[in-house]
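Features reported for this protein in Swiss-Prot:
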REPEAT    101-134  repeat 'TPR 1'
REPEAT    169-202  repeat 'TPR 2'
REPEAT    203-236  repeat 'TPR 3'
MOD_RES   K229  N6-acetyllysine
REPEAT    237-270  repeat 'TPR 4'
REPEAT    339-372  repeat 'TPR 5'
REPEAT    373-406  repeat 'TPR 6'
REPEAT    407-441  repeat 'TPR 7'
REPEAT    442-474  repeat 'TPR 8'
REPEAT    475-508  repeat 'TPR 9'
REPEAT    509-531  repeat 'TPR 10'
REGION    513-565  region 'Disordered'
COMPBIAS  513-523  compositional bias 'Basic and acidic residues'
COMPBIAS  528-549  compositional bias 'Acidic residues'
Amino acid sequence: MNVIDHVRDMAAAGLHSNVRLLSSLLLTMSNNNPELFSPPQKYQLLVYHADSLFHDKEYRNAVSKYTMALQQKKALSKTSKVRPSTGNSASTPQSQCLPSEIEVKYKMAECYTMLKQDKDAIAILDGIPSRQRTPKINMMLANLYKKAGQERPSVTSYKEVLRQCPLALDAILGLLSLSVKGAEVASMTMNVIQTVPNLDWLSVWIKAYAFVHTGDNSRAISTICSLEKKSLLRDNVDLLGSLADLYFRAGDNKNSVLKFEQAQMLDPYLIKGMDVYGYLLAREGRLEDVENLGCRLFNISDQHAEPWVVSGCHSFYSKRYSRALYLGAKAIQLNSNSVQALLLKGAALRNMGRVQEAIIHFREAIRLAPCRLDCYEGLIECYLASNSIREAMVMANNVYKTLGANAQTLTLLATVCLEDPVTQEKAKTLLDKALTQRPDYIKAVVKKAELLSREQKYEDGIALLRNALANQSDCVLHRILGDFLVAVNEYQEAMDQYSIALSLDPNDQKSLEGMQKMEKEESPTDATQEEDVDDMEGSGEEGDLEGSDSEAAQWADQEQWFGMQ
């Protein structure tokens, strides 16, 4: 047993730090005396040393050593062709123990992906002949092609994975996301479904996620619910997470939160989807719950985007936009495909007046998730903020045609129509259609109430809001109802509605302002005193604003490493 055998055994045992130290010393010895180790032995040393560097996350250094190893292997191959084997018995086991050249190239590709050099990763894997590609190589290639927008080679690679491993479910999802028909994907798994027991659910699973990737949320929800109700798949965390995400996409935030909570109870260490859950909690004004969720996720892992997004949502809804921007950028650094991180950063940029930069982020979110309406909503809000009503109208019409005429797309189109006096009647028609489909859809109710307020039809608005609040409780709806009640001189009930709104979201400034305005009108003698107090407090508020400006500058200094500009 020679020293190379000892290095190999330590590598196999996972003693990476020991391998790194010993292989470094042995490589130096080899450089000083080239005759000390044979070419195959030096190749092995370089590979084992590179593997130890990879384990220590020194990816650039590892790539350098892997490259040297491949050069050594190339020279070794040329030598073996020129000089045939002499029959030396010692060389036979040595050649059998040589690390696979294909595995070395795969490790190099992994390094390149960690360094965000996807083109180099594709180039190194493309150099491997198709017949020699293992399933993991095809899977990595498929994901890299998909990320680069090269759909055809991505589909080919995913299909090759399924040919070798017909139960590779992530490869199935990859194909469905690239618009491959569910029936075609299912046909690739038919043999294994028929031969392996207890896999009768797989065809339904494929059907469900085919609906997901075509944006048919209602059929996707019903199909996954039918799966989840089966005794063998009941309480599956992945299915519950998918259901929660689908309810969110469909605008049913209440059921989305319930499913996320159910999944979280089953798996306290769940990270996937928690960014959306945190966003929903923040929207409801449950900032303390958001803060607790963020802390818990950071304790699980700070190397995922989700905890950073959750903390960013807490900052955003606390009106600390510069910090939300920083946290969103950090999340993008960790996962450039995080749609929620892109939306967070885009929203922060928009609220800071950097609309053109925000537009870039929302467009990237749309590219990654073309079936998610909230991505389009963010982009349209940017267009409206910059008075680009024509662009907003074109985008809203495209969404309406692409995702179909449902309550959400009708409301989005109506929102843009409300911005133009010429299209007010069209907005009214669209909102009526949306509310016919879903009378409880909050965004449609809010926009219809806004239209009724413009027309001063307060009684109609009150009836609309009471009907919407019959089966749900929402801060914004209670606040708007309070505003309408003030308009018809129902002050006591208006005060009650503002109080309910503030109990749901203590940070809702508009409800607080409505309540304070009523109190001033009821007590005119105290008004001047309150104004004096406000003036005295004003200096303190100015100090806070200055502090937030300095904080903005502090976070802005760090934009040099932000995920996307």
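Cβ coordinates come from backbone N, Cα and C, glycine included.
Over the repeat 'TPR 10' (509-531), the average per-residue pLDDT in this prediction is 68. The list of residues near the repeat 'TPR 3' (203-236) in space but at least 6 beyond its ends in sequence, with Cβ under 8 angstroms from a Cβ of it, reads 169, 172-173, 176-177, 179, 181-182, 185-186, 189, 193, 242-243, 246-247, 249-250, 266, 370-371, 402-404. Listed as Cβ neighbours of the repeat 'TPR 6' (373-406) (distance under 8 Å, sequence separation of 6 or more from its ends, same chain) are residues 215, 249, 251, 339, 343, 346-347, 350, 355-356, 358-359, 362-363, 365-366, 412-413, 415-417, 419-420, 433, 437. Classification of K229 (N6-acetyllysine) by DSSP places it within a helix.
Helix first, then strand, then coil: DSSP counts for the repeat 'TPR 2' (169-202) stand at 22 helix, 0 strand, 12 coil.
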